[in-house]
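Pulled from TrEMBL:
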SIGNAL    1-16  signal peptide
DOMAIN    100-464  domain 'Peptidase S53'
ACT_SITE  E172  active site, charge relay system
ACT_SITE  D176  active site, charge relay system
ACT_SITE  S377  active site, charge relay system
Amino acid sequence: RLTFSIPLLLCSLVWSGYLEYDQDVLIPADWNHVGRVDPTEELELTFALKQQNVNLLEEKLRLVSDPDSPQYVGGLHRLPPKGQELSQEQKQSKEGLHLGVTPAILRTRYNLTAADVGTAQNNSQAVAQFLEQYYHPADLAEFMSMFGRGFQHLSQVDRVVGTQGGGKAGIEASLDIEYIMSTGANIPTWVFTNPGRHESQEPFLQWMLLLSNMSDLPWVHTISYGDDEDSLSTAYMMRINTEFMKAGVRGISLLFASGDSGAGCKHLGKEQNSFRPSFPASSPYVTTVGGTSFKNPYEVTYEVTDYISGGGFSNVFKMPEYQVSAVERYLKTVAATLPPKSYYNISGRAYPDMAALSDNYWVVSNRIPVPLVSGTSASTPVVGGMLSLINDHRLLKGLPALGFLNPRLYKLKGQALFDVTEGCHLGCIDEQVQGKGFCAAPSWDPVTGWGTPNYPALLAVLLA
């Protein structure tokens, strides 16, 4: 039997005086003492109680997410009513010139037709925003007017959870909502807007506690934010992981961008560096999305590595069982060209899990079409939108939503994905690695994961 202690949400306190702390408390190196807090300053604190039976929760997540398990259902609740399966027309990618990535270009590359839009009544998807990034409804409507003419779509968000701020729209927020709603077209979409900070960074735990305390949620959530693993405490990240596992057990898919710094780099001392993984991208309980570019940036061609695509090995979380054989094969295949082992944790959770185009997007922000927008913040909502379309078919057939995708994704071993085998991403700029991190290779790799979606093929295998 699975039991949880009840998480306490938020307490707003007025803190008068100053904070006393034990000398063993870790103070980030780049923090400076600036004096006492003003007695009238209001501090919003999140109390996350220690959870019980986390090992049982992890095992339950494995059982409901592994297609070889007799308990595999994708999630534990909200099984949808049965419906009729939609027809699916497959087509081959077409080459053609373009001036940047738009919904039409994505549909061409990933083999989506005009018929690939949502129709299920009980399907929905979401993006989460942080750091005072807001979208403008007028930008979304303008974007769909310009780029959504070839397929049925929605031009308004279904629900905003939180308070939209005033002022200018953010490129990040605009990108996320415009591309999840144009790829996962005609599917009701929520926006979670999360105020505040955790130690000057995104309040991921506050957001996850909110999700855990809501009974009705979208099936797919995409998040284009992350932090360096070493900038957060292990206890904090583990506590967030517990909430990630709860979401997976409920049948919810969480997708995180892998980051835009390649393997990352941290200076450890004199002539000593290491790669710098990102969290939540490095969590074993989320699906992490890397980035690619067209081989020719102005033609719809095959894809190569986007040099900024985040990827590597966690220094905190061990490698989950579902990916051990894939990662071991990669390490063996490219052993002669790997970076020195001192730069990464060979036994850590490896990421990303899959990828999509992340280079040269068009976005509408503050009513202005903006070209050349790039990053895994673009690829993540694109993949999320396609998973929402697959959920649509599953729900219409009376199947549960996909839930935590990774165990099933790794069992596919690249089936239904375009393998990306060219290019490397960024690493430390030093004499040993000379700016290069890891490189793409056949099958899984820590730059593009298993590759990018061939939508009709992915739909077929995930409906089976």
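Heads up, the Cβ atoms here are built off N, Cα and C, so glycines get one too.
What TrEMBL says about a protein is an automatic prediction, not a curated fact.
Fewest Cβ neighbours within 10 Å among the active-site residues E172, D176: that distinction goes to E172. Each residue contributes its Cα atom, and for D176 (active site, charge relay system) and S377 (active site, charge relay system) these two points are 7 Å apart. For S377 (active site, charge relay system), the same-chain residues lying six or more positions away in sequence with a CB closer than 8 A to its CB are E172, L175, D176, S224, A257, D260, S358. Per-residue confidence over the domain 'Peptidase S53' (100-464) averages out at a pLDDT of 96.
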